[in-house]
């Protein structure tokens, strides 16, 4: 991933020896000041990655097995699961290689490790970009289904959805390759941050607009049935809570990583920023957690998908 040179983890592990580190402790930065560092045990990181891997594989298999789920909406959900699967898998692979190098179980030249590091970084970066894009695509799809309900099936066709999916994957791989090749340039890191903020604003605007429409719809129904205002307020509160959870999880899981990239550009040598840089693995762990949560929000809430998943699991036994 595009981080500071000292944090290129695979290359650093060639000449490193494993050291015991606490999960939470005070570490000294370059100026000798004390700062909070959260160390994520490799076992915990790999376990979270495995949970995410299994979850998202199940989503992909369930959607692929059920032809009723071969719709544009589930196409985006399936691709989101595939992106999250690659995010988890690439980070697990990197961690496993690091552990093997540190244990001496894997012997490799620096040039080979450099190439492997670049490949893993491209996979990780492209899957992160595609994951953000598919979250935005799902928001746009839901927006069209609400505000253009009568024209939805003519606007969002499976053919167009597949074109969007192909464009997202191609663009993600292309731009991630450029990002990794020029990760030392401030403009590259800032463009990633701007892209994240654009996705955040897009999702917030669309979902807030959808919430407002839902409240208006509930108010109209309440007036038709001559109900009191609390019924309308209940819908608004429930929708606001759902929106807060959805956007809150997105910002909490992705925000720290992009804050990290921003600080690399703004204050690479500042003591406070150096303390934040020490928690890079924590920020990656939060992204893995997002990959675990995404299926719960976007996939497993579907009864049709849950039924298909149950059949798949029963057949596997």
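Every residue gets a Cβ built from N, Cα and C, even glycine.
Positions annotated as topological domain 'Extracellular' by Swiss-Prot: 1-37 (among others).
Swiss-Prot lists 29 with the feature N-linked glycosylation site, giving sequence analysis as the kind of evidence.
Among the features that Swiss-Prot reports, transmembrane segment is placed at 38-63 (among others). Tertiary neighbourhood of the transmembrane segment (38-63): same-chain residues 21-25, 69-70, 74, 77-78, 81-82, 84-85, 87-89, 91-92, 95-96, 99, 279, 281-282, 284-285, 288-289, 291-292, 294-295, 299-300, 305, 308-309, 312-313, selected by CB-CB distance under 8 Å and a gap of 6+ residues from either end.
For the topological domain 'Cytoplasmic' (64-72), residue counts in helix, strand and coil come to 6 helix, 0 strand, 3 coil, using DSSP. Feature annotation from Swiss-Prot assigns topological domain 'Cytoplasmic' to 64-72 (among others); the stated evidence is sequence analysis.
The feature transmembrane segment is assigned by Swiss-Prot to 73-93 (among others), with sequence analysis given as support.
The topological domain 'Extracellular' annotation in Swiss-Prot covers 94-118 (among others).
Residues annotated as transmembrane segment in Swiss-Prot: 119-140 (among others). Remote same-chain partners of the transmembrane segment (119-140), defined as residues 6 or more beyond its termini with a Cβ less than 8 Å from a stretch Cβ, comprise 1-2, 10, 73, 76-77, 79-80, 83-87, 90-91, 93-94, 97, 164, 168-169, 171-173, 175-177, 179-180, 195-196, 199, 202-203, 206-207, 250, 254, 287, 291, 294, 298.
Within its own chain, the topological domain 'Cytoplasmic' (141-163) is flanked in space by residues 70-73, 75-76, 206, 209-210, 213, which lie at least six positions past its ends and keep a Cβ under 8 Å from the stretch. Residues annotated as topological domain 'Cytoplasmic' in Swiss-Prot, with sequence analysis given as evidence: 141-163 (among others).
The transmembrane segment annotation in Swiss-Prot covers 164-183 (among others).
Sequence annotations record features per position, and here Swiss-Prot assigns topological domain 'Extracellular' to 184-191 (among others).
Annotation source Swiss-Prot lists transmembrane segment at 192-211 (among others).
For the topological domain 'Cytoplasmic' (212-240), the model's pLDDT averages out at 64. Taken from Swiss-Prot, the feature topological domain 'Cytoplasmic' applies to 212-240 (among others), supported by sequence analysis.
Marked as transmembrane segment by Swiss-Prot: 241-266 (among others). Through the fold, the transmembrane segment (241-266) approaches residues 2-4, 132, 135, 186, 189-190, 192-193, 196-197, 200, 203-204, 207-208, 211, 273, 276-277, 279-280, 282-284, 286-287, 289-290, 293, 297 of its own chain, all at least 6 residues removed from its boundaries and within a Cβ separation under 8 Å.
For 267-279 (among others), the entry in Swiss-Prot reads topological domain 'Extracellular'.
Note on the transmembrane segment (280-300): residues 1, 3, 7, 38-40, 44-45, 48-49, 51-52, 55-56, 58-59, 62, 77, 80-81, 84-85, 87-88, 91, 128, 131, 135, 138, 246, 249-250, 252-254, 256-257, 260, 306, 309 of its chain, located 6 or more positions outside it, place their CB under 8 angstroms from a CB of the stretch. As annotated by Swiss-Prot, transmembrane segment applies to 280-300 (among others), with the evidence given as sequence analysis.
What Swiss-Prot records for 301-317 (among others) is topological domain 'Cytoplasmic', and it gives sequence analysis as the kind of evidence. Below 8 angstroms of C-beta separation, residues 58-59, 61-63, 65-66, 68-69, 74 of the same chain, each at least six residues beyond the ends of the topological domain 'Cytoplasmic' (301-317), sit close to that stretch.
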Same chain only, please: residues at least 6 beyond the ends of the topological domain 'Cytoplasmic' (64-72) with a C-beta under 8 Å from a C-beta of the stretch. Say none if there are none.
78, 141, 156-158, 160-161, 302, 304-305, 308, 311-312
Using DSSP, what is the helix/strand/coil residue split across the topological domain 'Cytoplasmic' (301-317)?
14 helix, 0 strand, 3 coil
I'd like the Cβ neighbour count for residue 315 (S-palmitoyl cysteine), meaning other Cβ atoms within 10 Å of its Cβ, all protein chains included.
8
